[in-house]
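Colleague: The feature compositional bias 'Polar residues' is assigned by TrEMBL to 159-173, 190-199, 213-227. As annotated by TrEMBL, domain 'Vta1/callose synthase N-terminal' applies to 12-153. According to TrEMBL, the feature domain 'Vta1 C-terminal' maps to 256-291. Positions annotated as region 'Disordered' by TrEMBL: 155-227.
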Amino acid sequence: MSAKVPATLKPIAHYIKIANENSSRDPVVYYWCLFYAVQQAMQLDKSSPEALLFLTSLLGTLETIKKQLAGTEAITNEVVAQAHLEDFALKLFKFADAKEKTGQVDKSVVHAFYTAGHVMDVLSLFGEIDEPFLSSKKYAKWKSTQIFSCLKEGRPYVPSSQNEEGAGSNTYGGNPPPVPPSNYAGAFTGGSQPTQPNYGFSGLPNVPGGAGSSYSSTAPQMPQANYNNPTPMNTIVPEMSGLNIDGQERKPTMEAFQEARKFTKYALSAIDYEDTRAVVENLRKALALMEHF
């Protein structure tokens with residue numbers, strides 16, 4: 001996947017970078033980071049020629065991965081996918097957090113915090129991000145910028161274990177991490193972006209291998225795709241509708257409710273952007289799921 005992101009889509013550069021870094025290491029992370037990038041990109045710009053060309057390439061790559069990993073649950077099952085990404089982010093976070101608390105900071109620690117924080121963003125694909133990940137992703141991004149600045153400027157780094165504000169914090173089983181300073185938010189919202197994505201990294205800790213790497217990430221010719229709703233999931237439609245064989249009324253499964261909820265959420269999002277076609281299509285999909293019961 002090309003790492004050259006159009007200027008109008010600059011906020012998704014983080015996720016493209018992380019996806020490319022994991023194209024062979026962990027195809028599941030590669031896929032979901034690209035999928036998240038597509039969703040974010042469509043909210044930023046889906047009309048300019050540059051953005052449209054980039055989105056076309058992204059969607060083509062997603063289709064390739066989806067076909068080549070068709071038997072991988074972490075691609076087709078949201079619950080498994082969420083667990084995979086949580087585990088991936090958690091291992092990176094714990095590695096970086098342990099190093100940071102002892103003051104052993106280097107580029108690998110910056111990269112681990114940076115990657116963990118942005119992969120935690122991707123968890124929003126599966127619903128509202130809950131604690132401890134909500135606090136952890138902010139803390140990880142803040143720490144990656146803070147440590148990177150110290151390394152770049154040659155300043156000594158004071159670990160949180162020696163800082164009263166950070167003492168005793170343990171995001172994954174204790175008090176939440178220290179609250180970032182007030183000027184923290186602007187660093188990750190497309191404003192004054194830190195230069196951290198440009199550093200070279202080595203010594204990144206091993207993370208879950210995921211689904212393996214036996215596939216090519218080269219994008220094929222663009223297939224017919226739905227630009228209004230790039231969802232990778234196969235819609236869960238029960239084989240029978242109406243009544244069971246014993247004549248009892250069938251009730252929607254939890255999976256069906258989850259799928260219907262997802263399409264309804266897409267429709268509401270489309271309303272915000274006055275995308276009539278996407279609103280209608282997604283509401284029809286949600287209704288179609290429920291009509292089988």
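From the backbone N, Cα and C atoms, a Cβ is placed for every residue, glycine too.
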Colleague: DSSP on the domain 'Vta1/callose synthase N-terminal' (12-153): how many residues come out helix, how many strand, how many coil?
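Modeller: Residue counts for the domain 'Vta1/callose synthase N-terminal' (12-153) by secondary structure: 117 helix, 0 strand, 25 coil.
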Colleague: Helix, strand, coil: count each for the residues of the domain 'Vta1 C-terminal' (256-291), based on DSSP.
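Modeller: The composition, in the requested order, is 32 helix, 0 strand, 4 coil.
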Colleague: Calculate the per-residue pLDDT averaged over the domain 'Vta1/callose synthase N-terminal' (12-153) and state the result as an integer.
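Modeller: Summarising the domain 'Vta1/callose synthase N-terminal' (12-153) by its mean pLDDT gives 93.
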